[in-house]
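According to TrEMBL:
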type	residues	note
REPEAT	130-162	repeat 'ANK'
REPEAT	245-267	repeat 'ANK'
REPEAT	279-311	repeat 'ANK'
REPEAT	354-386	repeat 'ANK'
REPEAT	387-419	repeat 'ANK'
REPEAT	420-452	repeat 'ANK'
REPEAT	453-485	repeat 'ANK'
REPEAT	523-555	repeat 'ANK'
REPEAT	556-589	repeat 'ANK'
REPEAT	590-622	repeat 'ANK'
REPEAT	656-688	repeat 'ANK'
TRANSMEM	862-884	transmembrane segment
DOMAIN	901-1117	domain 'Ion transport'
TRANSMEM	910-931	transmembrane segment
TRANSMEM	981-997	transmembrane segment
TRANSMEM	1004-1033	transmembrane segment
TRANSMEM	1083-1108	transmembrane segment
COILED	1185-1212	coiled coil
């Protein structure tokens, strides 16, 4: 039931029933609605009989009276109908009962909880799913008795519900506004009718004739409902309580224009009329928005501040003007005139945050009456907003001609300027307000006025495509030659914005000369340039029809065809070529033809259209690139296919001798690389620096491109290339090992081939190609990539092509020996590069394993074991000589050393260790020194290391040690010098043996552990020494005793040694601290305890922890270290051979027949790994991570494909949309848009 239908409403109370009677008039019928008790049908019948005297007419559809029962459903009236008793209320919640006013249900439910129980209080104050309590519902639906009952039973009066609203908020919002209903709905004529209808009802109720009951209290009007607000306020509720948005009940009542609630709230003592909400608005702001003069009057009478401002500095007058409430505005002005404290003039000039006055707001809303009222009250017609806009600017934007006339009558400035120096005429032209433009021109507005960007109204209207305004301005004499700050004319702007109809209107004007049509902007682009760039084919056609130059050039020497081809505008390209085919090969400042630009951007259709119409497929730009070069550099494979189909040269070279294959590999376009190779591109060609396509791919980290090249049939030719980079010679395999090990593994796999037989077949054989690992002495001059230009490549002078200095260095015949020298370096060998880059997987590859085995079996083991045997022989005699001479030391007589009498010079030990031993030691030491000199000569830069220094020390000291046996006065045998030299010599000799053993993989791993720990200790040694010296000097100071013969801490040096010994647990505690002859100061005990904690516990455990960590690291890389030792051993042995012998022994390939040997031969000559291990290494099972990576790559490729498809679909959809738009426009059809809001799709 809506308020618009209500005529009158009565609330009638009997002892047991609360009856609501509503009489409504709709469509010529009077409708009686009764609700409020269970015996509704009988009650309704009784009411009708009482009023109309005939119950039968209630159901007569032809009578003007109709009765409706609201709740429950209508039933046939029966005189004997009794009110049913309610036995079960379990299905009714407190919230429902409070809403429907079922007070008996509420009493029964609350009685079950107990009078003072916590459950009852919790149930009464419990919110539903919307956080609304029963008290809120009772207040919302005006159930006064229920409200009182709930409050009496413990309901919290100021409890918060949805959005933090209290029951008082609900009372203010939903308070029955009966005065408003009667005054708004009932007319003067209807009041008499209603009174006549209600009078019998009132008499009947007074006589107690309804239901045979006595009526104790009958009220006409809202007296019971009115008591809700007062009741809640009197129940200790704060009348200014705020919800989550800061709104008070007074805000709610004002927002709903509820005058009754307003009056009741204003009667409260503590009411704050100017309380503000979260937005800073007062109740008067809300009332001004609704425009209810009675509510506004009540608030103003209560002292509401008419000049209150919200957070954006809007006053109530701003709100009233914005919403067009003219009566409210009048009311505000009248109140201001009556109030001495208010200055109406200053109120009209009050501005919000945007600088708007009331006049601005009224003009923006288009409310003529309010504008007139503001002007009459003295509002400034030339006041400016924050953007300096006048009210006339706003009127021009809205097209309100009447308001503009009114403003002009009040002296508004026609040529007023805003912050952008725009006049009202600019704004009217921009917003297509033709009548406003005409009015302003009639008022002598400057038709060619300029804004800050030099836009005239004509330029503004043209850029927006307002053809009516453009036509009007042209007819009024607007300057068609005017240009903006970028030198763009109206024709240019129309072409740039694709305003076809506007452009045609301008071109039809008498001032649109050919010179003006070809007028360019600041970048020398003509309208045809910009239209071609954006692909506006209709604009291009219109311009060409009116004499636009088709070969005009901009500052980059681009013609319109260049721009259309560059941006893929196929229709424009075709249209331009249709007009003048001779422009197809025009060149820009970089000598690019349209085909070059289309190929660079990857526009397939444009390239095909250009080629079909005669574009030169082998044209070259200023870098000597062909269109194929451009497409290859960008990776546009589809364009390359079309170019090659039109006989484009596949290997053209530019100034840097770069081919399309080089560009594709360098930029990382594997599809393009694959295409060019499949079409016969030369894989061996090199650029000016000597790098081929594989070199370029590896140097730029293009893994996919390198993989495509390696998988090509001519991959071996790409691998055979030597280049000079960073002062050393390198090859593709060396680069692959360092930068792309995954690709290097594929190369290794391709270097291992079998004959296709079963792995267990006796004739099964494996061929291993070592050419790329052992490339020092290989001659690749026949594949150096310097092949002569073909007939398709000699269309330009080769004199401009200069070779890089490094290229000349490696290609010159005189430099071949230098290249060999560079490759011979141990650290430049591919195997050593694997070791230095820790490529464990590559070092374990069958190709590397067999190569190392070949080197070991062929010459490595013989040389190594020979050197080891000689050194062991040397060490044996040095040890024997040292031991024998120590046990039979010489006796010095008169400074001459002689053998003691106990020495038998003819005995076997003397002959073996002295006579023979000294010779053996001298000869072998001399031989080793010569060997070291030879090694120094061939490996000068890599020679200097600790191992070689150790060997030199051993051999030199050994010669000095035995020199006195040959009567050489190198050492004094009568002194301790010989013993010292002998001790050092024998110590270093045995240490050198450790380095020899290190080269054995199974034993050498432990030597590596030792050296790793030693390096760690040396790093820590400086810290260790500081602690050691600190404690040693402290003990020296405290425990020094000169009475002792050999005091432990008698000297600082002895103190340091003693302290170091104490670290391993030998404290000599009793002799130091318990001896009766030693006085121990008290502080000594403190320092000793600190020493125990720091040196014995902390530092020693720290060293142990570091050692364990180093050992763990070595063990984790045990395989890598073992392989590194094998490589190092093989390289050292190989470098010991002369170059000529190395050339003959270095393998190029090897054929392995693993099933040929049986029995003992199988043990002696079997390969280092089995055939099954070879197959596993060549075809390894992928790990979970590798499978995941492969899957990820597949998904990425799929996503890229989907993106491309989506782009194609989007492009096709746009084309279809343009076609349909053109068809609709051509047919002048009206198409209704979809009325559904599909924002949920995005």
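A Cβ is built for glycine as well, from the same backbone N, Cα and C atoms used for every other residue.
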For the transmembrane segment (910-931): best-contacting stretch of 862-884, 981-997, 1004-1033, 1083-1108, by Cβ pairs under 8 Å: 862-884
Residues from the same chain, set at least six apart from the ends of the transmembrane segment (1083-1108), whose C-beta lies under 8 A from its own: 1013, 1016-1017, 1020, 1024, 1027-1028, 1031, 1034-1035, 1038-1039, 1059, 1062-1063, 1065, 1073
The repeat 'ANK' (523-555): DSSP-derived helix, strand, coil residue counts: 17 helix, 0 strand, 16 coil
Per-residue pLDDT averaged over the repeat 'ANK' (130-162), given as an integer: 89
Secondary structure composition of the repeat 'ANK' (453-485) [DSSP: H/G/I, E/B, coil]: 17 helix, 0 strand, 16 coil
